[in-house]
């Protein structure tokens, strides 16, 4: 859908949405997301210009349907897919992408670390109408025997190749600096970010500063030529509750704020990644800290997980934290699956993670009174009161699961219009009883008030 929009920008040195927004231009992408978000196009332009909203939309990704990530937009969720060094299957990753699209992921990240990484990414990009993100350091590592052998030139080459292929946003771990590494020494779990650990290993081996940091200006030049959005990686994020909100985390966050403003000087869009594992009571403070240090750039958080004791259920432990984070200003939530800390997610894990995070994001949108956020809740509630089971399934986040649960005990089609479920049966359904009471009260009022020539009162039931 974007081919004609993109064609008009050929030959321009900076094609980023921020550049156009600061020039006073409402791009087609801005107008498109304004309609999706029920916002005025001028407000979208102003938010992109200010840096509080990003529209990840590489000009080499014409298949993309643009979306907005920012405090004035609905909360978005990201789903991670991609192979590991021990499993490599393009068809399986495309199947995961289809699950992401079916269940409503807003963006997807290809975190492949093995096999033909560019080929896998190309297949995902060409099949994806949603923004695609990557972590370039993973592909960089595939080109060398040891992380110490990485060169800034190779890293820039890989970044440019991914940008030219159409990647919409990239996680760049530029805030992990040499001086910060000792700050993580006291932690229970140390450095848990793969990208953060790799950069720390490189710096210690080469006795040099992080090349993503020293070559940040060159990365900005690449990004503005393709309109790639920075997702500034939190390489020192806490990996357990005990490590949350420590000196290492906040030293890096301050550096990410400085890098955010440097990218903005180039007219490049930025979002900032956040923790991690954080006790529930510390989440609001963490959101406020990011706004303060990073000049209100959109915050993209992984969870956070609010307890460490539930392997196999970390889609739940993290969705709890994600809902609180989103209520307090997080713009995008990176999903966590039941396989977190245990292994590579399969398709069922992907589905469960997406649904858990759609719930978290939606709950936050309702709490923040986003335009139209509660419409679907109200429609489903009306269908529930009317015993319209098929409408309830249709309106649910996961219609297949909702229908399957109902079918477990009442599988026949006749029960899809029954005024009860298997929990209460026909005699104990509270809504059915209330409906009969409402009808009786209305009939009594009509008879009494009709005889007296008065308007009916009594028990009122909304449709």
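Cβ atoms here come from the backbone N, Cα and C positions, even for glycine.
Computed from a predicted structure; not experimentally measured.
Residues or ranges marked as substrate binding site in Swiss-Prot (evidence: sequence analysis): 80, 109, 138, 173, 193, 194, 195, 234, 235, 236, 237, 273, 300. Annotation source Swiss-Prot lists Zn(2+) binding site at 277, 341. Taken from Swiss-Prot, the feature [4Fe-4S] cluster binding site applies to 421, 424, 429, supported by sequence analysis.
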Tell me whether residue 195 (substrate binding site) sits in a helix, a strand or coil according to DSSP.
-> helix
Quick note, residue 424 ([4Fe-4S] cluster binding site): same-chain residues at least 6 apart with CB under 8 Å of its CB -> 430
Which residue among the binding-site residues 237, 277, 341 has the fewest other Cβ atoms within 10 Å of its Cβ, if you could check?
-> 341
Find the shortest Cα-Cα separation between residue 277 (Zn(2+) binding site) and the binding-site residues 80, 138, 193, 429, and name the residue that gives it.
-> 193
Specify the nearest of the binding-site residues 341, 421, 429 to residue 195 (substrate binding site), where nearness means the distance between Cα atoms.
-> 341
Indicate whether residue 138 (substrate binding site) is helix, strand or coil by DSSP.
-> helix
Nearest by Cα to residue 237 (substrate binding site), of the binding-site residues 341, 421, 429, is 341
Closest by Cα to residue 235 (substrate binding site), out of the binding-site residues 341, 421, 429, is 341
A correct count of other C-beta atoms within 10 Å of the C-beta of residue 235 (substrate binding site) gives 31
Across all chains shown, how many C-beta atoms besides its own are within 10 angstroms of the C-beta of residue 300 (substrate binding site)?
-> 27
